[in-house]
Structure formats: structure tokens, C-alpha cells
Amino acid sequence: MSEQNSPVQVDSLPRQAIQTNPSHTANPVLLTTQTDSRDKWSKKVDFLLSVIGFAVDLGNVWRFPYICYQNGGGAFLIPYTLMAIFGGVPLFYMELALGQFHRTGAISIWKRICPIFKGIGFAICIIALYVSFYYNTIIAWALYYFYSSFTGTLPWTSCDNPWNTPNCTNYFGKSNVTWTTFSKSPAEEFYMRKVLEIQKSSGLYDVGGIRWQLLLCLFLLFTIVYFSLWKGVKTSGKVVWVTATLPYIVLLILLVRGATLPGAWRGIVFYLRPDWEKLMSTAVWVDAAAQIFFSLGPGFGVLLALASYNHFNNNCYRDAIVTSVVNCLTSFLSGFVIFTVLGYMAEMRDVEVEDVAKDKGPSLLFITYPEAIANMVGSTFFAIIFFLMMITLGLDSTFGGLEAVITAVMDEYPHILAKQRELFVLGLITICFLGSLTTLTHGGAYVVKLLEEFGAGCSILAVVLLEAIAVSWFYGIQRFCDDVKAMLGFTPGTFWKVCWVAISPAFLAFIIVSSLLDQPLLMLFDYRYPEWSISVGYLIGASSFICIPFYMVYKLVWTPGSLKQVRDECHASQSCVGQILWEPVFGAAHFERLERGQVFNRPAGSGSSVEKFCSSPSDCVHVAIISRQMNWF
């Protein structure tokens with residue numbers, strides 16, 4: 001059935017009374033009242049920790065330090081800060097405000113903003129699934145390392161293990177060892193030949209069998225995820241008190257330990273030494289824009305979902321600033337933690353820091369850093385807390401990503417799933433687990449790299465670009481600012497409006513175009529990905545984004561009348577666009593109705609179609625004024 005023929009256009013709101021306003025006989029308006037029954041965060045800190053936990057993930061530890069030193073060291077902080085101020089933070093603020101005002105997930109929210117863009121919500125959910133297929137496997141690797149660390153001597157300390165090869169070279173504590181291009185450290189061979197067993201795979205043509213040890217690790221992780229999410233924010237809000245705070249304690253411990261290592265100063269100098277000429281390169285600005293975007297994480301539906309459980313008058317503006325600053329400072333702090341250790345390794349190998357710091361991505365966390373830890377005093381302790389930190393960093397982001405899907409789907413289909421959350425979460429976790437099986441094979445690392453590059457690359461950038469355009473241009477920047485004023489009591493300033501309308505969309509378009517024009521060869525461990533795998537990657541990326549034009553076509557085909565007819569009728573109506581009004585009602589003395597920018601005060605008992613909404617003066621009433629003609633725009 002097409003949406004416009006549905007008897008009530010009130011999305012997933014619990015309904016108590018539906019009446020027709022007699023003043024608009026040609027275009028009747030549905031008045032829906034409800035007492036707010038949606039779950040809320042038990043404490044404000046639960047929300048902040050959840051947002052910080054989602055935004056601060058493994059990428060803050062491995063990607064930012066590498067991107068920073070590669071793009072001019074301290075000089076990189078200039079484009080990074082500018083991109084954060086004019087691009088990342090405004091989009092972050094926009095999503096928090098949208099979620100808090102409309103109080104619904106990434107799919108159903110578009111019924112209230114611009115229904116023709118509803119495909120954005122479905123695209124976000126598909127992207128979140130792709131991310132869950134590979135991201136949790138990386139956490140499973142960390143869990144395997146965590147288990148392997150409970151020994152007197154870490155298994156990646158020496159070359160005397162069954163999985164080692166003649167190329168294994170242990171240079172720590174030895175003065176007559178020569179490091180060559182063929183040399184492999186014990187940590188590298190442990191990661192590749194013991195954890196991944198990648199030597200049993202010849203590439204994507206032959207990924208081999210499933211590593212049962214990693215399968216058990218992933219099963220345990222998804223079990224933790226399930227019992228953290230099955231009851232909603234009431235349970236996940238408590239779990240993040242551990243998973244979001246523990247990484248900072250560990251980072252500080254590792255920073256103090258790293259700063260006391262020989263050669264640590266070499267790593268810090270290399271990390272922060274400015275190369276001002278780099279600022280003339282477009283690639284540096286592209287990297288800065290991409291880093292801040294993927295670090296803050298707008299567009300994944302997580303901020304919409306988490307903010308939808310806030311109280312209506314929560315100061316989401318302050319939340320956006322605080323969490324963004326915490327995220328950026330965490331990335332900067334992680335750089336010191338990583339590079340003090342890289343300086344120490346350069347000192348031990350008697351090479352330059354840049355020769356040690358060539359690794360990026362997971363290799364930095366699973367080869368370089370564990371290698372340094374293995375040769376510290378108290379190596380077992382530092383290995384345990386380091387991989388525990390990685391597990392908690394990853395779990396926080398998994399909580400957020402899956403909660404975005406759960407909230408979006410349950411808000412879209414409340415009549416089916418409202419009382420079946422536990423079963424739905426179990427089904428979603430099962431799908432994610434089964435989708436991850438290919439990443440647990442001997443060649444699973446190749447699959448992880450493919451999904452990482454294409455599952456949430458340009459597709460998520462394009463999704464957020466359309467989201468920014470839909471909100472700022474179609475829904476209207478003034479209407480959006482009025483929504484923010486209704487919540488916070490003040491209107492966003494000119495800076496935010498300009499960013500939302502022009503700068504942020506241009507920021508996203510800049511990243512997309514640059515990414516498409518610069519497509520480096522896809523390689524991992526000297527393995528060059530075949531052409532057919534690149535084509536498969538593009539199909540993966542397109543499979544999510546294609547939901548947007550498909551839904552637009554569906555909406556245009558199934559909505560009666562031409563586009564011009566519907567738009568003309570809308571403009572003729574006094575209530576074309578649905579508005580959401582939250583207002584505390586004190587004794588039901590007044591009912592305020594927001595209609596095309598005007599506010600009408602109607603005392604109770606004055607003939608208004610709405611007499612009384614609250615059982616007590618403290619109740620907060622959610623009034624949804626929905627137009628039956630809200631079909632396309």
C-alpha cells in the first residue's frame with residue numbers, strides 16, 4: 001500500500017487521540033497527541049559516554065597518528081582543525097539536533113523532513129551491516145591477542161615458535177643483528193602466520209577455511225553485544241561507563257610508560273615536526289577532511305538514534321561541542337602514545353623513525369605496538385591492558401552502529417517490532433555473525449580490507465551529502481533553526497546556517513570528488529587485489545547508495561497525481577508541512593499550535609478540538625500535526 005493512502009500519517013508515534021481540525025475541510029489535518037513514552041537515557045552522562053564511545057574508536061588510535069605524520073606532522077593540525085570547525089562539527093551538531101527533535105530513527109525521520117529522501121535511511125542501515133561484517137572481526141583479533149597475553153613470556157617475543165620462518169629476526173637485546181628488507185619481526189610473523197594463518201591462503205581466489213579460534217572470539221564478542229543492546233539504552237547506557245572510560249585510563253598509562261622509553265623523544269619530534277610545504281598539497285586537505293569526517297561519524301545514523309532518546313530540552317549544542325573536542329583531543333593524545341613507542345623501536349633497530357612508522361591500519365596495532373610491548377619490563381601487563389583497550393574501543397563503536405539499525409527499523413515498523421526488541425536484536429546479531437564468516441577464513445584479512453575500502457567509503461560520504469542537502473535545502477534551513485530554537489531556546493547563529501547550507505555540503509563534495517579521482521592500487525601484505533575484486537567492491541558500495549534513487553522512483557510512481565499538482569495543492573494548503581511541537585502543558589490552560597510560522601493560543605474549553613492532554617501539570621505532551629498531503633515534499 002502506498003504511504004499516502006494510509007489512514008494516519010503519524011509514523012511510529014503512540015496514538016491516544018486523532019481528530020480532524022474542522023477549519024481545513026479541503027485539506028484536513030490530523031492532530032495526534034501522546035504522552036511521551038519513548039525510552040530515555042537514565043542519566044545525561046550515559047548519552048555523552050555513548051556518543052564519545054562511538055566517535056572514539058580504533059581509527060583514532062591507528063589512523064590519525066599515521067595520517068598526521070604522513071601529511072606534515074604539526075602542520076597537519078591546521079587543515080585538520082579547519083575541516084573540523086567548518087565541516088565535521090556542524091554536521092555532528094545537525095544530526096544530534098535532528099535526532100533529538102524528531103525522536104525517531106534514520107528511516108522514519110524522513111517522513112517528517114522530506115519523504116522522497118527516505119532511501120537515505122535504508123542506505124544507512126545497509127552500510128552499518130557492511131561495517132559490522134568486518135569491524136567486529138578486527139575486535140576478534142584483539143580478543144585473540146588478549147587471551148594470548150596471559151603468559152609469562154608473550155608468544156610474539158621470540159623466533160623459536162612453530163609458526164616462525166628463517167626470515168624471523170629478533171633484534172631486541174642483541175647488538176650484532178642486521179635488519180634487512182626480508183627480515184620479519186616475531187610480532188609480524190605471530191600476526192600473519194599464527195593469528196591470521198594467511199600463509200594458507202593464496203588470495204581472494206582461495207581464502208581457505210575458517211579459523212575456529214577466531215570464530216569463538218567473534219561469537220563471544222557478539223554475545224556481549226547482544227546482552228548490552230537487547231533492553232535498549234537502559235542497558236547500553238550502563239555498559240559504556242566501562243567501555244568508554246577504560247580506554248582513557250589505559251592511554252594515560254601507556255603514555256607515561258612510552259615517555260620513559262629510550263628514544264621516545266625521537267618519535268615525538270617525528271610526529272609533530274611541521275612540514276609547511278605539505279599544506280600546498282591538495283591531498284593533505286583531502287586527508288584532513290576525510291579523517292575528521294570518519295572520526296566524528298555523522299551519517300551512520302548513530303547520532304540520530306542516540307539523540308532520539310534525549311529529553312526534548314537537552315542542550316545538544318553543548319553536547320556536540322564537548323564530544324567533538326574530546327574526540328579530536330583523543331586522536332591527538334593517541335599520536336603521542338603511538339610515536340613514543342615508534343621512537344623507542346627506531347632506537348632499538350638503529351634506524352630512522354620513518355622506517356619503523358611505515359605500517360598503518362591494523363598492522364600498527366597488531367604488529368608494531370605489540371612488538372615494542374613484548375620487549376618492555378612488565379610486558380604481560382602492558383599487553384593485557386593494551387588489547388583490553390582495543391576491545392573496549394571497538395565494542396563502543398559496535399554498540400552505536402547496531403543501535404542505529406535497531407532504532408531505525410523498530411521506529412519504522414513499530415506495529416511488528418514494538419514488543420519484540422529482544423528477538424529482533426537476536427536476529428540482527430545473527431545476520432552480522434553470519435555475514436562475518438568470510439572474514440574469519442585464512443584469507444579473511446583480504447576480505448576485511450575490501451569491505452573497509454568499499455563498504456563505507458564514498459557511499460557514506462554521498463549519503464551524508466544528500467542528508468545535508470535535504471535538511472538545509474528541502475526541509476529548509478529556517479525551519480530547522482526554528483526546531484532547534486524550540487528545543488534550546490535560541491536560534492543557531494549565522495555561522496552554523498552558512499555551514500549547513502553551503503560549507504558542509506561543499507566539504508563533502510570535495511572529499512567525494514577527490515576520492516574518486518585518486519584511486520590508489522589496493523594492496524595488503526604485498527598482495528595486489530585483482531581487477532574483478534575491485535569491481536565487486538564498487539558493487540558493494542553501490543548496493544547501499546542505490547536505495548536512494550530507487551526509493552525516489554518508487555515514491556514518484558506510486559504517489560497519485562503529477563509533481564506539479566501535488567506541489568500546487570501543498571502551497572494552497574495552510575498545513576502542507578507537518579510540524580512537531582513539544583510543549584509542557586501547565587494545567588492544560590493553553591494549547592499552542594505551530595502552523596506555517598504562526599502560533600495560536602487556545603485556552604482549554606474554548607471550542608478547540610483539543611481539550612486536555614495531560615494527567616498532571618508536569619507531563620510533557622507531544623503534539624504531531626501531520627498533513628495528509630505530505631506526500632513528496
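Using the three backbone atoms N, Cα and C, a Cβ is placed for every residue, glycine included.
Not measured: the values here are computed from a predicted model.
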Do you know which of Cys125, Cys159 TrEMBL records in a disulfide with Cys168?
Cys159
So among Gly53, Val56, Ser295, Leu393, all listed as binding-site residues, which is physically nearest to Cys168 (disulfide bond)? Use the C-alpha atoms.
Leu393
Can you give me the Cα-Cα distance between Ser295 (Na(+) binding site) and Cys159 (disulfide bond) in Å, rounded to a whole number?
37
Residues from the same chain, set at least six apart from the ends of the transmembrane segment (241-268), whose C-beta lies under 8 A from its own
45-46, 49-50, 52-53, 56, 330, 333-334, 336-348, 353, 372, 376, 382, 385-386, 388-389, 392-393, 395-396, 399
Other than Gly53, Ala55, Val56, Asn60, Ser295, Asn327, Leu393, Asp396, Ser397, which residues of the chain come within 8 Å of the Na(+) site, judged by Cβ distance to the Cβ centroid of those residues?
Ile52, Phe54, Asp57, Gly59, Gly297, Thr330
Return the single residue from the recorded positions list (Cys168, Leu393) that has the minimum number of other CB atoms within 10 Å.
Cys168
For Cys159 (disulfide bond), the same-chain residues 6+ apart in sequence with C-beta under 8 angstroms from its C-beta are Cys168, Thr169, Asn170, Pro186, Glu189
Which sequence positions outside the transmembrane segment (210-229), separated from its termini by at least 6 residues, show Cβ-Cβ distances below 8 Å to it?
136-137, 139-141, 143-144, 147, 195-197, 235-236, 239, 391, 395, 398-399, 402-403, 406, 425-426, 429, 432-433, 436-437, 440-442, 444
